[in-house]
Each structure stands twice: as C-alpha cells, then as structure tokens.
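Scroll down for the structure; my scribbles are underneath it.
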Amino acid sequence: MSTRKSTLSREIVSQAVKQAFVKLDPRIMMRNPVMFVVEVGFLITLFLLFVPNAFGGTVTTGFNASVALVLLFTVLFANFAEALAEGRGKAQADSLKKTKKEISANKVTGQGVKTVSSTELRKGDVVIVAQGEMIPGDGEVIEGLASVDESAITGESAPVIKEAGGDFSSVTGGTRVISDQIKVRITSDPGESFLDRMISLVEGAKRQKTPNEIALNTVLVSLTIIFLLVVITLPFFADYLNIRLEIPVLIALLVCLIPTTIGGLLSAIGIAGMDRVTQFNVLAMSGKAVEASGDINTIILDKTGTITYGNRMASEFVPAENYSAQEVAMWAAISSVKDETPEGRSVLELLNKQGLSFPEKLAEGAEFIEFKAETRMSGVDLQDGRKVRKGAVDAVKQWVAEQGGFIPKGFQESSDAIASAGGTPLAVAVDQTIFGLIYLKDTVKPGMRERFDQMRKMGIKTIMCTGDNPLTAATIAAEAGVDAFIAESKPEDKIAVIRREQAEGKLVAMTGDGTNDAPALAQADVGIAMNSGTVAAKEAANMVDLDSDPSKIIEVVSIGKQLLMTRGALTTFSIANDIAKYFAIIPAMFMVAIPEMKVLNIMGLHSPLSAILSALIFNAIIIPLLIPLAMKGVAYKPMSSSRLLSRNLLIYGLGGVIVPFIGIKLIDLLVQFMV
Ligand SMILES: Nc1ncnc2c1ncn2[C@@H]1O[C@H](COP(=O)(O)OP(=O)(O)OP(=O)(O)O)[C@@H](O)[C@H]1O
Ligand SMILES: [K+]
Ligand SMILES: [Mg+2]
C-alpha cells in the first residue's frame, strides 16, 4: 500500500500566513460568526484609537491599543489554522493539475480513426489507446487488454492490468498505457472526470459543512448571542453600582466568553480529517462520508480478498468414490480452460505442477460458461454435448441432481473436511456424474483478529458475507474473529443485511468492487469502492480506495472516529476554558468599585486591566497552540463511546478549566510590567 505523504513544507506555511490576512475580508469572515464577532470587536477598538471619546467618556489609549492588537491576532490565528489545513490539499491539487493537461486522443468515428483533443471527448465516445499513450478520459475498456501505469493518480508505481469485461475494466484519464492497446468507451463529460472531482475534493473547493458541523455551529452561534446580550446589558447594572465599564473592557470580556477556541479551529478540524483520509489514499466524496464513518455501528466485509488474501489456490484434487485424482484433475482443467478467475487459473497451474495434462482437443470449440456469483459455477459445454462444471458444492450437487445424477458415498465427508479446515471445496462434475473435488486454499491475513477486537471495543459489529459454504465460512469467521457471518450469500443478500441493520437504526459501512456490489454500496451509509473496480461501483460509493485494499475500511472508520473525537474534545476544552476566563475577568472588572470583590481574585492577578488583558492574550494564543492537535487529531484508543465520553470529559473538561488559570497567571506576571 502506498500512502501519499506531503509534509507541512515551508511553502505551505508561508502561503497560510498570507491567506490568514486575505481571509480578514469581512465577506469571508461572516461565514464564521464567532470569529466575525471578534473581528467587529477589533474594528471598534481600532476606531476608538482614533476617536477615543466616540461613545462618551475616554478610554485608556494604551489598554485599548493592546486589546485591538490581541483581537487582530486572535482572528489571524484562526484564519491561519484554516489556511494551514487547506494548504496540504491545495499543494496536492496543484500536482494533480499538472497531470491534467490537454492531450490528443484517437477517436473512433464512422470514417475511421480521427485525432481530436481530449477536451472534445464526450460520454459514449470510443477511443483507441496504444502503448506509451496517455488515456484521454475516464472510461471502460471494451476491447483488448493492457497494463496501465496509474501512479499519477494512485501514487502506486506497479502497473495494473485492465481488460474488457469483468471487474477490472475501468480506466482513469491521465494514466498511461505501458503495454498493448485497448479500445475505451469514455464514461464522463469534460469537467466531470475522476481527476476533476479529485482536484476539487483535495482543493476543498466544494467543501460543504457537514450536518454535524452545522449543528455544532448553531450551538456556538447561540452561545455567542447569549453572551452578547449579557455583555450589552452589563453596563446598566454597572451604572446602578456607579461603575463605568469601558467599551474595550466589555469587548475583551465578550471575546473571552464566546467559544473562540473551537470557533477558530472548527473548520481546520474538518479539513484535516478529510486530509487524513486522503493521505491514506482514500478519496472521500464528501466530508459527510468521513464523518459518517466515525459513527459506523456495523461493517460488512467479504471474506475472499478482504479477510483472507484472496489468492484462493487449488492445492489438491480429491477424487470421489470409484475415480482417480488424475480424472478429477483432467475434468477440473477442462472446466477451467477459459476461466480467467484466480481460482480457475490456479487449477491449470496445479495440473502443471503435478506433471499432468489434459486432452486439449476435447475442449476445442467448447462454449465457455463464465463464473457468476449467482450460479456459483463455471465450466464449458463441449462440442460432443457433454457439460463440464466446477463450482460451490451445493450448487453442483443441485445441478447434478436436476439431471438425475446422485451424490457419491463419502463425498459430503470429503467436502466437509476441506471446509472445516477453512478451505473452499469446489465440486467437479460432468453431466450427472460427480468426479471429485478441488481443494482451494486461502489464508486469513495476519493481524485480523486484533483489528476485529479493536472494532468490538469501539462497539462496532463486524459481519462477514461470503458466497462460500457455511462450514468454510464458520472456520474462517472463527479464525479471523468476526462477530457474525452469512454464508452462501448472493450479491442481493448484502443489500438485505445492510437494510436489516439500518432498520435497527445502525449506520453501516461496506466495501465492494463489482457492478453487482453497486446497489449495496449505494445503500450503505459508507460505501468504499476499490479503484480497480467498475465505474458503476465507483459511482455508487461515497469513497474510493486508490490502493484497492478492501481491508482499509477498518482504518477509514478509525479516522472518522478520530475526527468526531477531536471535534468533541476541543469543544469541551473551549467551553471549559471560557468558564475559567470568566472567573479571571469578572472579579477584576468590579474590584475597583466593590473592594469586597477582591476575595474573588483567587488568582492574585496584578490589576484589573492586567487581568483582562492576560485573559484575552491567553484566549488568543491557545488557538495556535491547539493547531497541531486539531490537525493531527487526538490520540485514539479503541473503547466504547460512553467510556470515551467520560474519559474525554475528564481530560479536556478538567484540563480546560485548569490550564487557563495557570496560563493567565503566567501571562499576568509578564503583562504587569506593561500596564
Ligand atoms: N472460478 C470459479 N468457478 C467455479 N466456482 C467458483 C469460482 N470461484 C468461486 N467459485 C465458487 O463460488 C462461490 C461463490 O464465489 P463468490 O466469489 O461469490 O464468493 P466468495 O469469493 O466465496 O466469497 P466472498 O464474497 O467473500 O468473495 C465460492 O465460494 C466458490 O465455491
Ligand atoms: K473565548
Ligand atoms: Mg469473490
């Protein structure tokens, strides 16, 4: 697996500094109401610098100037956080844009092949791409086979085979054919290609606030409005007590009380979360998909290729009663002559390895019966009329029975023995006669049990869906440690499982690559399609894994969880912080008029003005201090949501109350010399 690593280069940081100023534009700031209030506060204090008695009375110039400066930095820090989070994606988008240049394409027309620009290609056009040429647009191979270098998109240098028909037919514009020639039907119009989508995704151009973000934003705005009302009414009470509260003091109080920490970091957290997924070579079509993956309750996985290595290899020919292993081998080979699946090819390889051969003449002119997940069989219809099949044992048994054949003695026992060992038995039959079994071996990937244990600790249920028989399924399920399994499942059974779980109010994730996975991928709350898969699968899914590693779903879910946790942790921290600042400022404000308030000055801060300024400075610098946490995400240990919640409340809630007391006290020790 390759991960696209782009570190925070100096270039990105200096761009982010520039962007921090560009984003001061009130039209941009307005999108973030909490920080917009801070900016308005800055503008008022700035105005007061020039017209000190604008609102009656006078303000201390030095203090007012300090407040203005700190407020400006508060806004700049928040803008910088967002720009920094966006920076990585922008850099990546720039390198992708280089891939996306206009190239010439060999378009098939009524009058032969015509050279056109790639920008003129439309959905449905057919092009020919020869060795060394760049594929001019997204499409599906309709003729031929070629190896394709997809490194421009996936970062993976090993070429991949693309061929007409089946699950490896989709090609991406901007990748290069390095051997042979293919005919491709274009599947996207200009501006709507995979590369276009990828660029706008990593660039964040189409980034929309997710439902969770919108909900949190509403809470933050409500808090801001409440505190605004409190601060506006404060002068009336103060008047009654014969205290004059200066405008800069009120603004400082307001900014300390409103949730600026989370308000300033919220969008950076979201962007960084999506970026983490991208770094993992998974393209999320929306931030919503990434978030949803953090809330997943159930993961549907298939067995072959996800939990096991998937290179299910024939390892033994097991004869039925009255037949020899050579006979099984011969019919198994004949049934596999045109079977291009890994299973089919492995049968011929085993035959060679055993030094056996089969009468190739017999298979000449035979009609190929392709393997289908629905029939769970493959084979050939010979010219002499005989039908040769191999396939799942129950499927072949039924096929044989339909033709009046019978099941040999001891056959079921042989089959069960293979299945109980975790292997896949394939029955081999000619018309009504069962000749024996092919023993397909597959191995569970290492570390699966640990991963599923982690999932369980997070409260996530894992269900393995497989087309294999119940015995094999049970063995592999036990070995890998999944919570449940469904055997002999057909593609439509996956949808049924997803719907059943969703009906119980669960959020479901699944991976898939085939066209027949597309409906299930669309039905799932998080559907991850393999980049190697079909166009239909990729369009139905809301994420695409560029490495085509089906087990990556497990990491994607972890990243989603981490995103939600980071947001929760920083919200807790931010609000706890504001409470602490309240206790620093309020006593200081009234200390002058009401000496009894001194007892509340538990921090022993130097003076009322130094107290207010220290709180405001703390409020500003906590934002850049938390940027690394917002970008990297909080450290994450798998555990149940309720334990996680109480743990985070303890760390970030309590920490959020204690840290400002220490921070403000330290800042006050410095500030006292200035005011
Ligand atoms: N090339 C083949 N020819 C004949 N039968 C096959 C072939 N490949 C697989 N089978 C049989 O069909 C069954 C179903 O295959 P399918 O690919 O749908 O599911 P699977 O690979 O077993 O499970 P999973 O859903 O985990 O990938 C297999 O268990 C096997 O018994
Ligand atoms: K604040
Ligand atoms: Mg399969």
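Any Cβ shown, glycine's included, is placed from N, Cα and C.
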Listed co-binder of ATP (same site as D339, E343, F371, K372, A373, E374, T375, R376, M377, S378, source TrEMBL) among K390, K397, K409: K390
Rounded inter-Cα distance in Å - F371 (ATP binding site), D517 (Mg(2+) binding site): 16
Three-state secondary structure, K390 (ATP binding site) (per DSSP): strand
Binding-site residues listed as A373, M377, least Cβ neighbours within 10 Å: A373
Listed stretch, out of 63-81, 249-272, 609-629, 649-667, that has the most CB pairs under 8 angstroms to the transmembrane segment (214-237): 249-272
Intrachain C-beta neighbours of D517 (Mg(2+) binding site), sequence separation six or more, cut-off 8 angstroms: P491, K494, A529, G533, A537, A540
Cβ contacts the transmembrane segment (63-81)/the transmembrane segment (609-629), at least three under 8 Å, sequence gap 6 or more: yes
